[in-house]
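The active site annotation in TrEMBL covers GLU265. The Zn(2+) 1 binding site annotation in TrEMBL covers HIS217, ASP219, HIS230, HIS240. For 118-147, the entry in TrEMBL reads motif 'Cysteine switch'. The feature signal peptide is assigned by TrEMBL to 1-28.
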Amino acid sequence: MASKAILPFFSFTIFLLLLPLLFHSVLAHSKDGKPSPFEYLQHLQGCHKGEHVKDLHKLKKYLHNYGYLSNYDNSKTHANDDDFDEFLESAIKTYQLNYHLKPTGTLDAKTVSKMMSPRCSVADIINGTTGMVSGKKRQGSKSVHRVSHYAFFPQEPKWPASKFDLTYAFLPGTRVDAIGPVGRAFQAWAANTHFRFTWIGDYVNSDIKISFESGDHGDGDPFDGTQLAHAFAPTDGRFHYDASWNWSVNVTAGSYHLETIALHEIGHLLGLHHSSVEGSIMYPSFKPGESKGLHADDVQGIKALYNF
Ligand SMILES: *[C@@H]1O[C@H](CO)[C@@H](O)[C@H](O)[C@H]1NC(C)=O
Ligand SMILES: *[C@@H]1O[C@H](CO)[C@@H](O)[C@H](O)[C@H]1NC(C)=O
Ligand SMILES: *[C@@H]1O[C@H](CO)[C@@H](O)[C@H](O)[C@H]1NC(C)=O
Ligand SMILES: [Zn+2]
Ligand SMILES: [Zn+2]
C-alpha cells in the first residue's frame with residue numbers, strides 16, 4: 001500500500017529534479033531542434049587568462065581552425081584542455097585586432113558576438129600570415145601604424161596571365177535558383193577585372209566548380225554548422241556553399257544571400273584573402289539578410305594582385 005502512494009510522489013520529485021536539465025536542453029537547441037553550435041561561446045563570455053572553464057577547448061579549436069593558434073603544437077596537452085593560458089590570450093588579441101575590436105585578450109561580449117556570426121571557413125591566418133592587418137608591408141612603411149586593407153594568400157597564388165577566360169560549372173543536380181545569383185556575382189567581378197567568365201555544362205573540365213555540400217565532404221575542410229561557404233585559392237577552382245543554411249535569391253530576412261556569398265568566394269578563387277575592412281566583400285563574416293557588393297578595397301586588391 002505504502003509503496004503505491006510513494007511511487008507518484010517519487011516520480012514527481014524526479015520530474016522536478018530533471019526540470020532544469022530539460023529547460024537547459026530546450027534553450028541550447030534552435031527552433032528546428034538542432035543544437036546551436038555557438039551555445040558554448042555564450043557560456044564562456046567574460047572568461048580571461050588564468051581561468052579553467054568547461055568548453056574552453058572548443059574556443060581553442062575555433063581559433064585554431066581560423067589560424068589563430070598555430071603556435072599550439074597539438075602534441076602539447078594545452079591545445080585540447082580548458083586552461084585559459086597566455087597563448088589563448090594572445091590569439092584572442094590577434095582576433096580582436098583583425099576585427100577592429102578592443103584587444104583586451106578576454107572573451108568580452110563584443111568578441112563573443114563577432115565569433116557567433118556565421119562566416120567563410122577560409123582561415124584568417126595561413127602559415128602565420130594574417131591577411132587581415134598585414135597592410136604594413138604593402139604600404140612600404142616601417143611604422144607600427146596599421147593600415148587595414150585587402151590581402152593575398154601566402155605566396156600570392158594567382159591565375160596565369162594567359163588564363164583570363166575562365167569557365168565555371170555547377171555540380172549536376174545543383175539547385176537551379178543558384179545559377180542566376182552566381183552568374184551575377186561573376187559578372188560583377190568581370191566588370192572590374194580583365195577576367196571573363198563563361199558558364200558551361202561540363203563540370204569535370206571547367207576551371208571553376210560550384211556545389212552545395214554539407215558536413216565532412218572530403219576536401220579536408222568540413223562544414224561545422226558555423227560556416228557558410230568556402231573556396232580555394234588559384235588555380236584550384238572549387239567553391240562550396242554549405243547546403244544546411246537557408247539560401248535566398250533575393251535579400252530575405254533570416255536567409256543568406258546567394259549572390260553576396262558568391263562575390264566573396266569568387267574573390268578567393270581569384271586570389272584574394274580576407275580583408276579587415278568591414279564594408280569589403282572579403283570581410284569574413286556575414287549576417288542573415290545582408291547583401292553587399294564589391295567595395296573599393298576589393299577592386300584595389302584584385303588590381304594590385306594582377307597589376308592592372
Ligand atoms: C604552409 O607551410 C607548409 C610548410 O612550409 C607548406 O607545406 C604548405 O603548403 C603551406 N600552406 C600554405 C597554404 O601556404
Ligand atoms: C530556415 O528557415 C526556416 C523557416 O523560416 C526556419 O524554421 C529554420 O530554422 C531556418 N534554418 C536555418 C538553418 O536557419
Ligand atoms: C526576386 O525578386 C525579383 C524582382 O523583384 C522577382 O522577379 C523574383 O521573382 C524574386 N525571386 C524569388 C525567388 O523570390
Ligand atoms: Zn572567405
Ligand atoms: Zn569544401
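From the backbone N, Cα and C atoms, a Cβ is placed for every residue, glycine too.
Recorded features from TrEMBL, shown on the structure.
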residue: HIS217; record: Zn(2+) 1 binding site; DSSP (3 states): coil
residue: HIS230; record: Zn(2+) 1 binding site; DSSP (3 states): strand
residue: HIS240; record: Zn(2+) 1 binding site; DSSP (3 states): strand
residue: GLU265; record: active site; DSSP (3 states): helix
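For the recorded positions ASP219, GLU265, counting C-beta atoms within 10 A of each C-beta gives the highest total at GLU265. Same-chain neighbours of the Zn(2+) 1 site beyond HIS217, ASP219, HIS230, HIS240, judged by a C-beta within 8 angstroms of the site's C-beta center, are, in sequence order, SER121, SER211, GLU213, GLY218, ASP221, PRO222, PHE223, ARG238. Within the set of binding-site residues (HIS217, HIS230, HIS240), the lowest number of other Cβ atoms found within 10 Å of a Cβ is recorded at HIS217. A Cα-Cα distance of 17 Å separates HIS217 (Zn(2+) 1 binding site) from GLU265 (active site). The binding-site residues listed here (ASP219, HIS230, HIS240) include HIS230, HIS240 as those with a Cα within 10 A of the Cα of the residue listed as 'active site'. Among the recorded positions ASP219, HIS240, GLU265, the residues whose Cβ sits under 6 Å from any atom of ligand 5 are ASP219, HIS240. Within the model, the motif 'Cysteine switch' (118-147) shows a mean pLDDT value of 68, rounded to a whole number.
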